[in-house]
């Protein structure tokens, strides 16, 4: 995708564009020419300069360590807690693997941790609001939020975390009676500007750059509407002139609005025996073809006279009842109560009749979404729905691929359910009518706001429809914290060079145990405070760190983990890594607090210091030992040539 930016070729991805743009920029600045095909992991780069893109991702991945260190140091005011967190991230094999390749994840986690660090730093400036440092960290929080959202939609989870923190702060300020309502309004306005307006402006600007750079036709055209495609250089709709409004007698093509939707299509082949009525097949076809052409006719008369140049033009209007005659075979678009080939409870759609003569099951009511009866219908722009007059069903594409008898084209059905989805909406793309004046499609081009909205609808539908590829290992959210199963980045056979994403087991299991330990410490601390137990100043400060700092980090872990249980899309092991950052920070804070609690209750002070220092040393040595064992295993498995190839393959 970085190559597409360098070549200015339009493509489609389920994620926002910032991460790919930054990778493309890194490649461009480092001399990469955008010609490497990136077909199969393990292919040699040969002469292609990939170092800039790899180095950029590795640099951002490396920044996670100081970001986490500074965040924990700011929250806990404890150097050992911050150092333990840094050790965990430095020696986790998963973080190292994820950062050393050209991936979106290190970029996402960079902005995510940047937002968390900026939020924590801004909270520490609460005693000097509207100072230069306060404004700096508040603004940097907004910039980081825009970056996180601009890489992946998972960035919305950190937006929610910062939003909840902001609501808590504002609620606290509202209860401060020494603060005037005017000053509270200033606090509110500052947060609206820096945490809402600024991120949205930057996020919108990313898409403006994205669409400005990718101005050439490419593999992503078919995912977007015909109106959008008309703006891409090299697309068959670019710089085309066609009549603007539909009229009877016009020859048209109809494109389904579902993602990668095809054109309404028919051919001479019939449905086989046992598949509904043995009539002409109607399908959706993904490519341009003469069999995509249809003639718009009135439902109650022939349109032969309309081909006469002297006859008046009669436009098709919203609410009209029409017939669609297939131009190549002269069969009418037809439906009846026979079941569709693949989709149960949907009706079959066929081509029926001879030379345009059929029956009442050929009648369709054409309706434009959001328009009133009698309004004209525009090519490209109008989203239309065809309702079968006899049965009330709606023409749509199911998205299912027909067997070989249907030439593996997409099934078209008539659905009796009136729920409006992109599957049941169409737009007119090609339009031929010699009696109508042509206009340039530039007149019909969508506005930036419409393009922005369309791109997000396509991304959301694409995300929800993701399915696993062949030989691809997926996982479930409960697998992730226990390091149950990793993710193969490359290599299927034993002879292939293999890269496998898996976390350091000691670190991941330690993080998991720590979550339970933190909940236990929190309950005990809350009960002690509720019962009025007298605590020393040191214990009070520890309690504050456990409840406030640990609570913020735990909330971040929950927000970045629990939503995956509700997602219907395919999931992978790497989705847990943002949550893993929070669990690693929680480990540093929790074990520091636990060892300090133990030290306070033990005497003399020499013994306490030994327990505190020995506990941290044991944790660090355990992490280092496991990392060294993993490293030795890797060295035994690889040959010298393999390790060289690691640097030369993607």
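Yeah, the Cβs are placed from backbone N, Cα and C, and that goes for glycine too.
Predicted automatically and left uncurated, TrEMBL annotations should be read as such.
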With the ranges 506-529, 626-649 to choose from, which does TrEMBL describe as transmembrane segment?
506-529
Among 79-101, 102-124, indicate the range for which TrEMBL gives the feature transmembrane segment.
79-101
Segment proximity, the transmembrane segment (51-72) to the transmembrane segment (608-625), 3 or more C-beta pairs under 8 Å:
no
Can you tell me which parts of the same chain pack against the transmembrane segment (506-529), counting only residues 6+ beyond its ends and a CB-CB cutoff under 8 A?
88, 91-92, 94, 481-483, 535, 543, 546-547, 550-551, 554, 557, 580, 583-584, 586-587, 590-591, 593-594, 597, 619, 622-623, 625-626
Could you pull out which residues elsewhere in the chain have a CB under 8 Å from any CB of the transmembrane segment (135-168), counting only those six or more residues past its ends?
15-19, 104, 107-108, 110-112, 114-116, 118-119, 121-123, 125, 190-191, 194-196, 198-203, 206, 459, 463, 552, 555-556, 559-560, 563, 575, 578
Any chance you could find the range in 79-101, 188-214, 579-602 with the most Cβ pairs under 8 Å to the transmembrane segment (51-72)?
79-101
Would you kindly list the residues that approach the transmembrane segment (188-214) from elsewhere in its chain, counting only those six or more residues past its ends and only Cβ-Cβ distances under 8 Å?
4-5, 8-11, 16-18, 21, 130, 135, 138-139, 141-143, 145-147, 149-150, 159, 162-163, 166, 170, 448, 451-452, 455
Same-chain residue ranges lying at least 6 outside the transmembrane segment (579-602) that approach it to Cβ under 8 Å:
64, 68, 71-72, 75-76, 78, 80-85, 88-89, 92, 94-95, 109, 112-113, 480-481, 503, 507-508, 510-512, 514-515, 517-518, 521, 536, 538-539, 542, 545-546, 549-550, 553-554, 556-557, 560-561, 608-609, 611-612, 615-616, 619
